[in-house]
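Asker: One structure, pasted below without further comment.
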Ligand SMILES: CC(=O)N[C@H]1[C@@H](OP(=O)(O)OP(=O)(O)OC[C@H]2O[C@@H](n3ccc(=O)[nH]c3=O)[C@H](O)[C@@H]2O)O[C@H](CO)[C@@H](O)[C@@H]1O
Ligand SMILES: C=C(OP(=O)(O)O)C(=O)O
């Protein structure tokens, strides 16, 4: 086990390259099993979630070569092996194996997913979608048994806007007989990325990125080559870190359109943000005004960037209100920020944040974005060294975090933890 140590107080300066998106990668890898020949994915991030997916597909019989930012997946010899336990419980996105295996084999036995459990995260909309396509679904000892004699296209109205359920239904419906329409679909850029890959594999999907997606089922799909979109959440994290440290950072290899909600909110606070074709420059300022932020589904301000944003709001003058309308209680980072001297009160689905100077402390990341929030908070601390444990969560979603921040001028390093003396 390791911890991250940060001696903050240094403005970040320079350029950071953003890798491919985690939330695309961990949907595209299982999507590839719908093909009967080789799929090549480029711009792949080097993350622990991706490594777990490699193990999962290998268990199913896929041949995978992963080198640098490229992965070659040969799913031609895949078998419908039940996966009730093990690696499926280590990440959230293992639920995509349900839709992908249902599409390819007409059956799947997959343990309920793990990942960052900052609050209960039901998958009833995924199940509703599979059932609408003609599958029988039962929960046996914590694993879903999903079987369909025949998958048939259907009209599916999503009761809540769900990224995972939208993608899962697209995966299964790609191989159903007839037409499926998903109404009230999620519109996140990662959904368009998955549809782009599936279409390149031979699927017929229209409307991804809007609230109505139409899928004409096809009987077979084949391999292709696809480059993953940049990670907008990593990009936003570096933008916020640049602002919080009053630095000057170019965040490169991004799609600025995907970051509009963050750019607008930073500008409203008084941060100078300049959009270029594939990069964004963030120039921090000595003083920021407080703002209200509402985390919403895309194109709103992403819930995944809500926790990092709370650290920046501690640096604004006055009181900010940050509310999460996707996950009402995604605030596990708040008690840790309080240890660092933050002034935050929780009221319902909102955090009321007053500007304050933060100080060094021993803190613990309890989920991925809580970890990112603590890193940003620690980068602002002028005296002392902040110790952050729970690094395994941060590694789920940030590749090369320590080396990227070091190149930007931060004093940050990893240390191993003597497991006998873990008090945090
Ligand atoms: C691997 C991946 O891409 N993870 C992202 C994905 O998670 P994930 O796809 O799991 O999140 P959803 O979009 O499904 O969740 C959105 C909301 O819908 C609710 N819900 C969801 C499904 C369901 O069947 N029933 C239900 O009630 C959830 O509790 C939540 O309140 O989108 C989230 C919201 O942008 C992000 O925080 C995650 O980073
Ligand atoms: C919550 C997240 O991921 P997951 O859904 O994979 O747990 C995230 O990326 O912030």
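Even glycines carry a Cβ here, placed using N, Cα and C.
Residues annotated as active site, proton donor in TrEMBL: 116. Look at TrEMBL and you will find 22, 23 tagged as phosphoenolpyruvate binding site. Taken from TrEMBL, the feature UDP-N-acetyl-alpha-D-glucosamine binding site covers 92, 121, 122, 123, 124, 125, 304, 326. For 7-405, the entry in TrEMBL reads domain 'Enolpyruvate transferase'. The 2-(S-cysteinyl)pyruvic acid O-phosphothioketal feature in TrEMBL is assigned to 116.
Map these features onto the structure and tell me what's around them.
Answerer: Around residue 116 (active site, proton donor), a 10 Å sphere centred on its CB holds 21 further CB atoms from the protein chains shown. Mapped onto three states, the DSSP output places residue 116 (active site, proton donor) in coil.
Other Cβ atoms within 10 Å of the Cβ of residue 23 (phosphoenolpyruvate binding site), summed over all protein chains shown, number 26. The secondary structure of residue 23 (phosphoenolpyruvate binding site), as reduced to three states from DSSP, is helical.
Within the same chain, no residue at least six positions away from residue 122 (UDP-N-acetyl-alpha-D-glucosamine binding site) has a Cβ under 8 Å of its Cβ.
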Asker: Of 116, 124, 125, the recorded positions listed, which put a C-beta under 6 Å from ligand 2? Please answer none if none do.
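Answerer: 116, by Cβ distance under 6 Å.
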Asker: Taking the recorded positions 22, 116, 121, 122, 125, which residues show a Cβ-atom distance to ligand 1 below 6 Å?
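Answerer: Checking each Cβ against ligand 1, the ones under 6 Å are 121, 122, 125.
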Asker: With UDP-N-acetyl-alpha-D-glucosamine as the bound species and 92, 121, 122, 123, 124, 125, 304, 326 as its recorded binding residues, calculate the greatest Cα-Cα distance and give it in Å as a whole number.
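Answerer: Taking every pair of listed residues, the largest Cα separation comes to 21 Å.
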Asker: Any idea what the Cα distance is from residue 304 (UDP-N-acetyl-alpha-D-glucosamine binding site) over to residue 23 (phosphoenolpyruvate binding site), rounded to a whole Å?
Answerer: 11
Asker: List nothing but the one residue from 124, 304 whose Cβ has the fewest other Cβ atoms within 10 Å; the candidates are the binding-site residues.
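Answerer: With the binding-site residues 124, 304, fewest surrounding Cβ atoms within 10 Å: 124.
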Asker: Which whole-number mean pLDDT does the model give the domain 'Enolpyruvate transferase' (7-405)?
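Answerer: 97, rounded to a whole number.
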Asker: Could you check what DSSP calls residue 122 (UDP-N-acetyl-alpha-D-glucosamine binding site) once collapsed to helix, strand or coil?
Answerer: coil
